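Features as listed in Swiss-Prot:
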TRANSMEM  1-21  transmembrane segment
TRANSMEM  39-59  transmembrane segment
TRANSMEM  87-107  transmembrane segment
TRANSMEM  111-131  transmembrane segment
TRANSMEM  143-163  transmembrane segment
TRANSMEM  186-206  transmembrane segment
TRANSMEM  217-237  transmembrane segment
TRANSMEM  243-263  transmembrane segment
Amino acid sequence: MTWLEIVVLALIQGLTEFLPISSSAHLILPSEVWGWQDQGLAFDVAVHVGTLLAVMVYFRADIFNLLNGWIKQITGGGASQESRLAWAVILGTIPACVAGLLLDSWIEENLRSALVIALTTIGFGVLLGMADRKEGTRDIDQFTLKDALIIGVSQALALIPGTSRSGITMTSALFLGLNRDTAARFSFLLSIPLIAAAGLFKGLELADTGTSSQWSEIAGATLISAVSAYACIHLFLKFLQKIGFMPFVIYRMLLGAGLLVWLYVA
């Protein structure tokens with residue numbers, strides 16, 4: 001990979017991982033549209049580590065409180081809002097992990113294409129727009145384990161390129177009557193174990209291949225994806241209540257339509 005490709009792809013990962021527009025779709029597109037070579041496992045691991053660091057640093061206080069509440073409960077203490085939310089994150093993670101283990105290889109072989117990305121980008125964009133119009137008023141205090149399970153099941157759909165993990169989880173949360181801030185924050189917290197698991201899986205796969213890598217390139221990709229992801233999370237949460245999800249819906253419509261036109265012309 002050239003440094004231009006590293007910078008562009010790491011920025012794409014960092015800026016799209018937590019926005020409802022699908023990071024996997026945007027990482028596939030350069031190879032489909034520009035003919036860039038696949039970035040490889042080492043790069044995938046690097047940008048996963050970068051985005052994981054970003055979300056963990058940003059939500060470090062929340063993570064500490066959730067872990068503290070969860071540990072207190074399982075060691076004999078009483079239940080709390082923090083322990084309940086920790087269980088919600090655990091419960092919401094299970095469906096996507098199971099689906100990933102069972103279906104990831106099949107999806108990679110059969111659904112990793114520009115046409116699938118175009119259709120899912122448009123289809124799930126429409127759902128996000130409908131959900132945003134239905135935004136509820138429930139906050140984190142009214143969040144239930146049933147909500148977590150439903151959102152977790154929907155998260156499994158993000159294995160399909162173009163769906164967007166953050167997009168589908170926020171869509172489900174909004175349909176359940178949660179407000180925008182709660183939908184976004186739970187989606188970000190829910191991303192932590194999944195990104196960690198994906199990074200670990202790819203890391204083990206990389207170790208098995210014995211592929212040598214340029215550490216400067218890995219460090220650069222990690223740093224760029226981490227900084228851009230952190231900035232993206234901060235700005236997204238800052239402006240979400242003002243702008244809602246419609247700018248992302250419009251972007252998805254334009255991207256999907258543009259891809260369909262490109263496929264037709266090509």
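Glycine residues also receive a Cβ, built from the backbone N, Cα and C atoms like all the rest.
Under the criterion of 3 or more C-beta pairs below 8 Å, with sequence separation of 6 or more, the transmembrane segment (217-237) and the transmembrane segment (87-107) do not qualify as touching, having fewer than 3 such pairs. When Cβ-Cβ distances under 8 Å to the transmembrane segment (39-59) are tallied for each of 111-131, 143-163, 186-206, the top count falls to 186-206. If you look at the transmembrane segment (1-21), the same-chain residues 6 or more away from its ends with a CB under 8 A from one of its CBs are 27, 30, 36-37, 39-40, 43, 46-47, 50-51, 54-55, 121, 128, 164, 166-167, 170-171, 188, 191, 195, 217, 220-222, 224-229, 232-233, 236, 245, 248, 251-252, 255. Ranked by the number of CB pairs under 8 Å to the transmembrane segment (186-206), the listed stretches 87-107, 143-163, 243-263 are led by 87-107. Away from its own ends, the transmembrane segment (243-263) comes close to residues 19-21, 29, 33, 114-115, 117-119, 121-122, 124-126, 128-129, 131-132, 135, 162, 167, 170, 174, 180 of its chain (Cβ-Cβ under 8 Å, at least six residues beyond either end).
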